[in-house]
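Peer 1: In case it's useful when we look at the structure, here is the feature table from TrEMBL:
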BINDING   Thr115, Asp151, Asp181, Ala182  S-adenosyl-L-methionine binding site
Amino acid sequence: MALRAARRLASCSRQGRLLLPSPAPAPAPTPAPCNRTAAPAAALLHSHATSFGYKQVREEEKSKLVGNVFSSVASSYDLMNDLMSVGLHRLWKDRLVSKLNPFPGMKHLDVAGGTGDVAFRVLERIKSVGHRAMQGTLTDTEEDTHIYVCDINPNMLNVGKKRAAERGYSGEHCLSWIQGDAEALSFEDGSMDGYTIAFGIRNVTHIEKALAEAYRVLKRGGRFLCLELSHVDVPVFKEIYDVYSFSVVPTMGELVAGDRQSYQYLVESIRRFPNQEKFAQMIQEAGFQRVEYENLVGGVVAIHSGLKL
């Protein structure tokens, strides 16, 4: 009954998508928004400062600080996701993968996906499609399938590898675990049919660099999909959500994971992340076309998508 209620909540909370028009060639390009703090704007214009939650830190420090956060929470990451979202993160990831529409033979890259949540869903969907089409026989096309899980944090990757073994995937030739940086991927140009990043892009130092790398590694016709905690646009719900975020989530992190500070950063990083329309514009400025987004649960999370054409 709880699962049915959760599905109804996730379903009824979806809002319409926004399809952005292709950029007009004539006007000069507008500078892309980024994850740097807004004030004081003049002082930051030529600086190398960026934000870590609400704190100002040097750019070279941010990746180390974020790494420390995820090293700290890796062992309790899945449990905390279940508690913080009341299990809805599972439905959000299902929605992400359904929009990807995986197919046998595809090369797919899941970035910041160390625990394997998205990659397992992609693999299961591909196997389901392939088996239905070929009545359970493994085709050459399905054997060509390869899913790469890329994460900068080795502790998160270790959690994913352990989960893969528990699911019987440790011997899968089509599943690879790669330690790497979203801003400097090790994959060749035009090598991927799909790219996903779930709850990860707000943690990179330069969002525009991560988007540029996503565009680079995708083939023509490849799809970019990003699931991220975003900005609530319903006034009354926003007030309730703010109280929950700043009061309940850090306390929950302290009680369950023994780490209040990391979950305080989590909440602050969401508020620093560009809103839905600004992030959609950044995706478009990276070169993607047919950019759109879908709000879930009133904007608590959003799924952004774009195509490399």
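Each Cβ is built from the backbone N, Cα and C atoms, and glycine gets one as well.
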Peer 1: Any same-chain residues 6+ apart from Thr115 (S-adenosyl-L-methionine binding site) with CB under 8 Å of its CB? Would you list them in sequence order, or say none?
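Peer 2: Result: Tyr77, Asp78, Met156, Val159, Gly160, Arg163.
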Peer 1: What's the number of neighbouring CB atoms sitting within 10 A of the CB on Asp181 (S-adenosyl-L-methionine binding site)?
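Peer 2: Within a 10 Å radius of the Cβ of Asp181 (S-adenosyl-L-methionine binding site) lie 17 other Cβ atoms.
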Peer 1: Under 8 Å Cβ to Cβ from Ala182 (S-adenosyl-L-methionine binding site), same chain, six or more residues apart: give me those in sequence order, or none if nothing qualifies.
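Peer 2: Spatial neighbours, sequence-distant, of Ala182 (S-adenosyl-L-methionine binding site): Val111, Ala112, Cys150, Ile152, Ile197, Gly200, Ile201, Val204, Ala210, Glu213.
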Peer 1: Please find which two of Thr115, Asp151, Asp181, Ala182 have the most distant C-alpha atoms, given that the record lists them as binding S-adenosyl-L-methionine, and give only that distance in angstrom, rounded to a whole number.
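Peer 2: Taking every pair among Thr115, Asp151, Asp181, Ala182, the longest Cα gap is 16 Å.
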Peer 1: For Asp151 (S-adenosyl-L-methionine binding site), what is the tally of other C-beta atoms lying within 10 angstroms of its C-beta?
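Peer 2: So the number of other Cβ atoms within 10 Å of Asp151 (S-adenosyl-L-methionine binding site) is 26.
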